[in-house]
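See structure below.
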Number of protein chains: 6
Amino acid sequence: MLLNETAEKIRSMEIRGAGRIARSAVGALRDHAAGLETSDTASFLRSMKEAADLLVATRPTAVSLPNAVQTVMRSLEGAKSVDEAKAAIKAAADSFILSSKHAVEWIGEIGARHISDGDVILTHCNSEAALACILTAHREGKAIEVFATEVRPRNQGLLTIRALNDAGIQTNFIVDSAVRSYINDVDLVITGADAITVNGAVVNKIGTAQIALTAHEARTPMVVAAETYKFAPRTILGERIAIEERETGEVLDRRIAAGLPHVRVRNPAFDVTPARYVDLIVTEIGAIPPAMAYMIIRDHLGWGIGEFHKAFEIDERIQE
Amino acid sequence: MLLNETAEKIRSMEIRGAGRIARSAVGALRDHAAGLETSDTASFLRSMKEAADLLVATRPTAVSLPNAVQTVMRSLEGAKSVDEAKAAIKAAADSFILSSKHAVEWIGEIGARHISDGDVILTHCNSEAALACILTAHREGKAIEVFATEVRPRNQGLLTIRALNDAGIQTNFIVDSAVRSYINDVDLVITGADAITVNGAVVNKIGTAQIALTAHEARTPMVVAAETYKFAPRTILGERIAIEERETGEVLDRRIAAGLPHVRVRNPAFDVTPARYVDLIVTEIGAIPPAMAYMIIRDHLGWGIGEFHKAFEIDERIQE
Amino acid sequence: MLLNETAEKIRSMEIRGAGRIARSAVGALRDHAAGLETSDTASFLRSMKEAADLLVATRPTAVSLPNAVQTVMRSLEGAKSVDEAKAAIKAAADSFILSSKHAVEWIGEIGARHISDGDVILTHCNSEAALACILTAHREGKAIEVFATEVRPRNQGLLTIRALNDAGIQTNFIVDSAVRSYINDVDLVITGADAITVNGAVVNKIGTAQIALTAHEARTPMVVAAETYKFAPRTILGERIAIEERETGEVLDRRIAAGLPHVRVRNPAFDVTPARYVDLIVTEIGAIPPAMAYMIIRDHLGWGIGEFHKAFEIDERIQE
Amino acid sequence: MLLNETAEKIRSMEIRGAGRIARSAVGALRDHAAGLETSDTASFLRSMKEAADLLVATRPTAVSLPNAVQTVMRSLEGAKSVDEAKAAIKAAADSFILSSKHAVEWIGEIGARHISDGDVILTHCNSEAALACILTAHREGKAIEVFATEVRPRNQGLLTIRALNDAGIQTNFIVDSAVRSYINDVDLVITGADAITVNGAVVNKIGTAQIALTAHEARTPMVVAAETYKFAPRTILGERIAIEERETGEVLDRRIAAGLPHVRVRNPAFDVTPARYVDLIVTEIGAIPPAMAYMIIRDHLGWGIGEFHKAFEIDERIQE
Amino acid sequence: MLLNETAEKIRSMEIRGAGRIARSAVGALRDHAAGLETSDTASFLRSMKEAADLLVATRPTAVSLPNAVQTVMRSLEGAKSVDEAKAAIKAAADSFILSSKHAVEWIGEIGARHISDGDVILTHCNSEAALACILTAHREGKAIEVFATEVRPRNQGLLTIRALNDAGIQTNFIVDSAVRSYINDVDLVITGADAITVNGAVVNKIGTAQIALTAHEARTPMVVAAETYKFAPRTILGERIAIEERETGEVLDRRIAAGLPHVRVRNPAFDVTPARYVDLIVTEIGAIPPAMAYMIIRDHLGWGIGEFHKAFEIDERIQE
Amino acid sequence: MLLNETAEKIRSMEIRGAGRIARSAVGALRDHAAGLETSDTASFLRSMKEAADLLVATRPTAVSLPNAVQTVMRSLEGAKSVDEAKAAIKAAADSFILSSKHAVEWIGEIGARHISDGDVILTHCNSEAALACILTAHREGKAIEVFATEVRPRNQGLLTIRALNDAGIQTNFIVDSAVRSYINDVDLVITGADAITVNGAVVNKIGTAQIALTAHEARTPMVVAAETYKFAPRTILGERIAIEERETGEVLDRRIAAGLPHVRVRNPAFDVTPARYVDLIVTEIGAIPPAMAYMIIRDHLGWGIGEFHKAFEIDERIQE
């Protein structure tokens with residue numbers, strides 16, 4: 001697929017989902033590199049840099065996209081010829097795509113080890129990674145029971161209970177407000193994440209933070225299942241994750257709202273769970289405490305100190 | 001209204017609502033007393049006792065009903081003649097009815113004093129007493145803003161935002177899960193109560209306990225507005241408030257549920273907020289800390305130690 | 001039994017146990033009153049006062065003894081003749097003895113209502129009142145399971161597990177240190193009390209406070225079962241409950257200790273659980289929150305403000 | 001002293017201090033009653049009511065003043081003649097003055113029992129009642145050491161360390177910010193109170209709440225020493241204690257401030273310590289937990305439910 | 001010593017203790033390498049891999065054993081000849097053995113710096129590393145006092161107080177339940193560890209978690225002294241540390257137990273202290289916060305991301 | 001500047017301030033290297049080592065000084081000739097000086113991203129780095145309001161409010177004790193740091209810890225702004241940051257103190273805020289959670305495991 005085509009599909013949301021976006025961008029970069037016909041290293045690198053910038057610009061607030069692009073681009077460091085560079089990009093891209101495809105599966109294997117026979121698990125929203133942990137434990141023969149929440153206003157809990165029902169797992173379905181009534185019967189909370197910041201805070205579907213607080217009050221462990229590309233590098237530079245406010249009709253029928261001029265509907269899609277309420281984050285490369293988010297960003301995703309210096313354009317300043 | 005008629009209407013739920021049930025029962029007892037034609041004190045008392053038992057039996061788990069009946073019946077203590085007794089009952093019944101009718105109004109006046117100009121208030125469910133505090137503060141000219149929750153699964157939040165909108169109060173409407181996202185902007189939480197136990201725990205609409213915990217985490221005061229007849233005397237004897245599980249169709253469409261054999265819907269109507277998360281309970285006879293619930297039950301509602309001895313039938317045991 | 005004889009038996013610990021001491025003293029006072037042959041009220045009261053002082057002095061740090069004596073002595077207030085006084089004393093004494101004898105039974109009935117079918121209960125030490133709650137719930141047909149601790153250094157847990165075993169209740173026996181490992185599986189902690197202070201702190205067998213803290217951390221309710229004569233009136237005057245240090249041989253064999261000159265064995269018999277870790281105190285006259293301890297002392301045990309003024313000898317001071 | 005004269009001296013702050021104001025008002029009422037020459041009970045009561053209202057109006061936000069006046073006025077209840085009423089007032093007034101004069105001494109005796117030999121005590125501001133506890137313990141021969149804070153902006157700590165120094169007590173003097181650095185070496189915090197609300201919150205010199213929080217974090221007990229007339233009855237009706245903002249020159253030299261147009265000095269005199277950080281309140285009639293504030297107001301100060309009904313003018317409403 | 005001989009001695013527990021097992025295995029690998037006579041690198045590596053697997057399999061749940069073996073084996077990376085490989089193994093093995101032998105000593109030096117003159121220290125169980133900190137501080141001339149617990153059911157506290165007594169350190173001996181009674185007098189808690197997980201949780205002798213909670217409640221710092229080989233790498237892959245249940249006779253005499261058919265003795269050897277109750281972990285390579293456990297495992301013990309990829313056999317999957 | 005001259009100026013405090021000391025030392029080392037005329041690598045290194053030791057010894061408890069020196073000295077590793085070594089030192093020194101000069105500016109840019117339009121910020125003391133965050137946010141056009149504390153005993157708050165006033169930022173000035181009264185109106189606390197330990201504890205101006213605790217109680221985020229050279233490497237070896245006690249005249253006028261022989265003034269300059277009350281540390285190389293302090297010390301400042309082995313002189317021990 002041509003680079004511009006991929007960029008356009010990401011921009012138009014034809015390509016959706018943190019994982020698919022990431023893999024498409026990586027594949028486009030790899031193919032773009034393969035197709036470049038120059039043998040001049042400098043011009044090759046310049047062209048790749050332009051391609052990377054083009055892709056990242058399609059969705060400026062996405063987290064997985066810059067992580068994916070960075071993974072490929074840093075493979076260029078030290079390449080001494082265009083051929084070496086192309087090979088390095090191909091290797092990095094293939095490895096990223098493989099790892100991304102398998103990530104949920106590996107998270108499921110790691111997370112399932114935290115589930116014991118007889119456990120009662122609570123989950124919120126409809127996270128592929130969190131479900132992988134539960135379904136893997138079930139497949140391993142552990143007798144488990146699940147509490148799943150409704151997840152207002154879009155009711156993603158329905159998708160979750162369908163998946164659990166289809167697997168034959170005994171499931172309880174409750175409104176979001178009822179978590180504290182049952183949490184003393186729960187052995188483990190597992191949720192997904194939309195993004196994880198440098199200090200281990202977890203951005204996830206609205207309601208997650210209240211559940212984490214409730215679990216903490218009852219000494220029930222809280223595990224977050226998330227692919228490494230969910231870790232948000234720019235938070236190291238102080239950038240805060242913007243919490244999208246979705247359209248209000250999801251919460252209150254627009255016709256009713258029209259008759260209530262003094263009422264304003266607020267519909268934040270996500271909330272932020274502080275690191276101190278998260279016991280463990282399960283990624284495809286292992287389970288870590290939330291305080292280790294910085295290491296994932298630096299060592300695994302490759303956003304080292306050099307990257308930050310570039311961000312501040314230190315070299316130019318030195319010239320002054 | 002005849003005693004049996006009132007009893008039947010309470011039983012059939014034609015007469016509903018904690019306040020209306022209480023006042024009807026008290027009126028029926030008063031009228032029953034007035035109509036009794038005996039001049040023999042003992043037989044008068046016996047007949048009144050039967051009438052009281054009949055009424056209490058119509059709704060065995062109600063809280064306001066036995067409180068109301070007890071208020072009238074203890075006025076009989078010390079009566080030396082049927083005429084004295086009738087007069088005492090009439091006075092006690094009229095006073096109870098007056099106080100009950102004005103209770104919400106008085107709660108509103110007391111509660112409004114805890115609201116300052118410029119405050120942001122969060123409320124949950126649709127409590128007449130909690131709304132009275134907010135509306136009174138608004139009428140007093142204080143500029144206030146309210147956050148109101150949706151209150152799944154029956155969406156009583158809609159009633160609340162209508163009332164607030166009609167009063168011209170600036171209101172924000174959010175899903176139940178979003179409370180923690182806004183609580184740092186909230187100055188005061190006010191909710192109602194369905195029942196209050198002897199140790200100050202507040203039984204209220206599902207979700208209240210999570211909100212109270214969230215408010216506590218953010219050092220936001222939590223005020224409960226409740227008529228004194230909501231205090232549950234039998235909890236002194238260890239009786240626990242049974243949490244009603246309502247029908248599951250409220251949470252999940254029965255047709256969908258039919259296709260999900262492994263899924264069980266749980267729909268508790270209430271939850272229990274521990275006293276340590278409640279800063280103040282505003283009643284029609286004043287604001288008290290939750291630990292004072294016992295005093296309300298004993299001194300105001302009249303469930304003294306004597307009543308408990310009777311409950312254990314101590315006299316009979318002494319004969320053994 | 002003669003007054004002096006009873007006093008001697010209490011002093012020599014022939015009569016032991018908070019309940020038995022209290023009942024013996026009350027009976028001795030009653031019999032002493034009956035035997036007094038004066039018809040002069042003043043001299044009768046003087047003699048009773050002497051008798052009361054004699055009894056209280058036998059065990060100056062006991063809690064149940066002054067409570068029992070006070071219960072009888074305050075029945076004298078308002079007596080206009082020796083005959084009236086004797087009758088009042090007899091009535092008060094008989095009522096106290098009856099109530100005391102039945103107290104554990106009634107506590108069992110009230111406490112059992114806090115135990116649900118299927119509950120797992122943890123208890124510490126060997127409290128008759130706490131066991132009454134558990135055994136009553138078991139007799140009512142509730143399926144329950146108990147965790148009982150060893151209770152170093154005197155191993156009273158052995159008595160507890162024998163009692164539970166004999167009742168056929170499924171019991172787990174653990175060392176005191178293992179409570180936190182199992183508390184998430186426990187629905188309710190029930191212990192007894194040796195004394196309860198005016199601010200609701202519970203003095204009980206060493207280890208109770210750690211268990212209460214551990215239960216609080218896990219949001220597991222903590223119930224204390226205690227007869228009302230365990231409430232310590234002198235704590236209102238600021239008196240602190242002295243924690244007895246028992247002999248060190250209980251903890252470390254004296255021969256081993258002799259070889260360890262730098263080692264000092266500390267063996268406190270009790271510790272103090274703050275009120276904030278206690279959810280409910282179950283007494284024979286009802287369940288109360290710990291903050292209500294003052295009411296029990298004042299209204300039920302009769303240590304009113306007058307008593308405190310006497311303690312400060314205010315009248316004399318006025319003469320100055 | 002004539003009634004008007006006393007009223008004027010209170011208004012003009014010639015008579016100052018919670019205790020002195022209270023005793024002066026009570027004495028003025030007593031003398032006013034003695035001087036009234038009517039023998040008509042109704043007109044006597046009317047005149048007394050006017051006198052009471054006059055006094056209370058001199059300092060509308062004072063707490064001790066209405067408490068003192070109410071103590072005297074409720075002695076009128078049930079008086080059947082002017083002579084009876086005068087006698088009742090005299091007795092109540094004399095008793096109040098005696099108790100008020102001795103209150104600090106009795107608080108000292110009770111509070112000192114909470115201080116053990118070898119204790120390190122921290123105090124804040126310059127409370128006569130708190131100092132009484134410390135000085136009494138010292139006089140009883142207990143070896144104690146004190147940490148006293150500076151108490152910005154008016155540096156009342158200087159008065160405290162002078163008093164402690166003069167008594168020969170080893171004292172450490174620290175800035176208000178240094179409390180957390182030493183709290184682990186402190187066995188007990190004792191402060192006074194300016195007012196105590198119905199839910200046990202303690203209004204005291206700015207900084208007290210931070211100290212209480214810091215003590216709570218370190219499991220160090222916090223004791224408040226306060227005369228009963230500090231309990232604020234109107235808080236039962238929802239009235240909030242207004243926190244006075246004192247003049248800004250205390251914090252920042254006015255000449256400096258004049259040069260800083262964007263800077264606003266805030267100088268609240270008091271703050272509010274929530275009941276959950278207070279272990280015990282020591283009053284002249286005994287030590288109580290903060291949750292018992294309501295009982296002090298109702299039973300000791302005499303602000304019963306009747307008073308509140310009057311406040312809402314229920315009788316008039318009944319006529320409607 | 002021959003490889004098989006060492007393996008057998010580890011399996012039969014003739015070689016015991018985390019440190020001795022680790023050093024024996026490392027020595028056996030080194031000697032095995034030295035004795036291999038092949039000059040073919042591939043076959044050399046294969047043989048070493050077999051040797052490593054043999055050793056690790058002797059105690060599948062040990063933590064120090066795989067850490068030790070991994071330390072040696074990763075020295076093979078990049079070796080280009082058998083000679084180079086042998087040299088690398090020898091260097092790595094000698095360095096490991098040296099470091100392991102000195103680890104306790106170095107921990108003692110680092111830990112002692114956290115002990116100030118005059119400190120009171122509490123320790124639990126009988127940890128060589130924790131004792132090293134205390135004894136070093138004592139040797140440095142600091143005046144210290146220790147509280148040591150009994151450590152039921154095996155009473156290892158006796159060993160601890162003997163060691164402290166022999167060093168001439170003033171020691172208090174208490175039952176495990178009495179920690180909360182003395183913790184306010186304690187300046188520092190120091191314990192050892194049996195294992196430390198990737199999220200900084202400390203697995204140690206039963207009772208440690210309750211002590212850590214109690215210390216946290218009183219703001220008393222909790223330090224864990226542990227050699228780096230106690231950090232459990234497989235917890236990164238989600239593996240949970242299995243808590244061994246020891247034989248029940250340790251807790252309850254088997255003859256007594258035989259008479260109690262409804263009683264089940266539970267005897268977990270360890271418990272898990274969450275990272276949030278641990279202030280610092282002192283290792284032989286420095287003091288770290290518990291959240292750094294991952295870094296110790298990855299950077300010091302050498303369990304990098306590559307190891308985890310191997311664990312999931314990614315390469316093979318790529319072939320599919 | 002000659003090496004000895006610089007050393008002397010640091011010793012005599014002619015050169016002051018963490019940043020200036022660090023840059024002077026680095027410059028002196030660079031110039032010293034440039035001036036060395038030997039071509040023998042060993043003797044060059046020896047001379048540099050002596051120079052480094054000389055500089056570090058001038059202020060043995062400083063934190064920035066050894067960090068700066070270490071940054072330069074580790075650039076020598078691997079140098080194969082004196083010329084290479086001189087070049088490496090020059091590059092490292094210039095980079096350090098540049099980074100140090102820009103550090104506050106970059107911290108301001110990162111920290112400002114955590115400030116939203118409309119935020120209320122509280123700061124304590126007079127930290128250049130914390131002010132940079134606030135001033136940058138203001139320059140970016142965000143409408144902000146600040147609460148600044150007085151900062152007894154040296155009143156550095158005056159400097160802070162001058163700087164804020166001059167920038168035209170709306171500022172509130174309060175005594176240190178008043179923080180809890182306003183914290184619920186504050187969105188963010190930002191302070192500086194004097195040193196940061198290996199476990200993320202923040203050593204800063206006395207009062208910071210109480211503010212952090214107060215912010216934590218109210219769920220208000222606490223951000224610390226600090227240059228990386230504030231991280232204290234020796235804390236990894238267990239060294240505790242000594243808290244300087246400044247001269248007592250700052251707190252109490254010496255003439256007053258002279259008259260108070262039982263009073264001892266305590267004047268600690270700093271306190272220690274535990275990592276659990278700090279949400280984020282903003283450095284010039286990015287924002288990190290406090291648990292990452294170890295990484296800054298190891299990876300950025302270059303105090304690796306090798307440095308610690310040297311500290312314990314492992315090589316020499318191996319010879320034994």
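Even glycines carry a Cβ here, placed using N, Cα and C.
Those TrEMBL annotations? Automatic predictions, nothing curated.
Fair warning: this is a prediction, and the values are worked out from it, not measured in the lab.
The record from TrEMBL ties E:Arg16, E:Gly17, E:Ala18, E:Gly19, E:Arg59, E:Asn204, E:Lys205 to substrate, and of the options E:Lys86, E:Lys90, E:Lys230 it ties E:Lys230 to that site too. Around the Cβ of E:Lys230 (substrate binding site), the number of neighbouring Cβ atoms within 10 Å comes to 27. It is 7 Å from the Cα atom of E:Cys125 (active site, proton acceptor) to that of E:Lys205 (substrate binding site). A Cα-Cα distance of 14 Å separates E:Arg16 (substrate binding site) from E:Asp194 (active site, proton donor). According to DSSP, E:Asn204 (substrate binding site) is assigned to a strand segment. Set side by side, the binding-site residues E:Gly17, E:Gly19 differ in how many other CB atoms lie within 10 angstroms of their CB, and the most is found at E:Gly19. Straight-line distance linking the Cα atoms of E:Gly19 (substrate binding site) and E:Asp194 (active site, proton donor), rounded to a whole number, equals 11 Å.
Considering only the binding-site residues E:Arg16, E:Arg59, E:Lys205, the Cβ with the fewest other Cβ atoms within 10 Å is that of E:Arg16. According to DSSP, E:Gly19 (substrate binding site) is assigned to a helical segment. Under the three-state DSSP scheme, E:Arg59 (substrate binding site) falls in the coil class. On a Cα basis, E:Ala18 (substrate binding site) lies 9 Å away from E:Asp194 (active site, proton donor).
Minimal Cβ crowding within 10 Å, among the binding-site residues E:Ala18, E:Asn204, is found at E:Ala18. Within 10 Å of the C-beta of E:Asp194 (active site, proton donor) there are 22 other C-beta atoms, taking all protein chains into account. Of all residue pairs in the substrate-binding list (E:Arg16, E:Gly17, E:Ala18, E:Gly19, E:Arg59, E:Asn204, E:Lys205, E:Lys230), the one with the greatest Cα separation is 20 Å apart. In this set, none of the recorded positions among E:Ala18, E:Gly19, E:Arg59, E:Cys125, E:Asn204, E:Lys205 has a C-beta falling under 8 Å from a C-beta of chain B.
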